[in-house]
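Copied from Swiss-Prot, the annotated features are:
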DISULFID  Cys26-Cys32  disulfide bond
DISULFID  Cys30-Cys39  disulfide bond
DISULFID  Cys93-Cys118  disulfide bond
DISULFID  Cys95-Cys141  disulfide bond
CARBOHYD  Asn66  N-linked glycosylation site
SIGNAL    1-25  signal peptide
TOPO_DOM  27-147  topological domain 'Extracellular'
TRANSMEM  148-172  transmembrane segment
Amino acid sequence: MGSGPRGALSLLLLLLAPPSRPAAGCPAPCSCAGTLVDCGRRGLTWASLPTAFPVDTTELVLTGNNLTALPPGLLDALPALRTAHLGANPWRCDCRLVPLRAWLAGRPERAPYRDLRCVAPPALRGRLLPYLAEDELRAACAPGPLCWGALAAQLALLGLGLLHALLLVLLLCRLRRLRARARARAAARLSLTDPLVAERAGTDES
């Protein structure tokens, strides 16, 4: 008779036990089933996309959102990931897509990603993302604050180099003038001493 309550208690504990993946491991507003994370058609953008997914994710669905790019390292942080559904997003093919392009290049099969086409910029519109060269993506990126900062630093160094070169030229000119003056003074002194030497030589001979 005692096994009845114990069996009911065991069944209750089994029903109340947490699933194989804790609810906290599934980022909002996605839904999770086992190692599949479905974030498709939820209007996600760069700003609203979850910053991390469960590390054991094997399949990730991001189809049908408003994603123009993915944060760097987002997919690389999922070592068990086998498939990422990325279609039906307005991808902007510039330097922000370099990490995604590198991740796609490392996939053994590119067939699932042949529908990833660039929506912008105009020069790359309609191109297939997996087959773009990295240089094409970087060239499509407008210079940002870091680029302008690097350019300003290079211009400052160039200006300092030109200033040093100008100072060196002025210093060399100054040295040449000083040498010329010294030679002129030496020649003048020599011209003054030559008659005296000749006169002394004449008196000595007499």
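Backbone N, Cα and C atoms are what each Cβ position is placed from, and that goes for glycine too.
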Reduced to three states, what secondary structure does DSSP give Asn66 (N-linked glycosylation site)?
coil
Highest Cβ count within 10 Å among the disulfide-bonded residues Cys30, Cys32, Cys39, Cys93, Cys95: which residue is it?
Cys93
Rounded to an integer, what is the Cα-Cα distance in Å between Cys95 (disulfide bond) and Cys26 (disulfide bond)?
29
Length of the line joining the Cα atoms of Cys93 (disulfide bond) and the residue listed as 'N-linked glycosylation site', in Å
14
Spatial neighbours, same chain, of Asn66 (N-linked glycosylation site) - Cβ under 8 Å, 6+ residues apart
Gly43, Leu44, Thr45, Asn89, Pro90
In the structure shown, with every protein chain counted, which of the disulfide-bonded residues Cys26, Cys118, Cys141 has the densest set of Cβ atoms within 10 angstroms of its Cβ?
Cys118
For Cys32 (disulfide bond): DSSP state (helix, strand, coil)
strand
Cys95 (disulfide bond) falls, by DSSP collapsed to helix, strand or coil, into helix
Whole-Å Cα distance, Cys39 (disulfide bond) to Cys32 (disulfide bond), is 9
Three-state secondary structure of Cys118 (disulfide bond) from DSSP?
strand
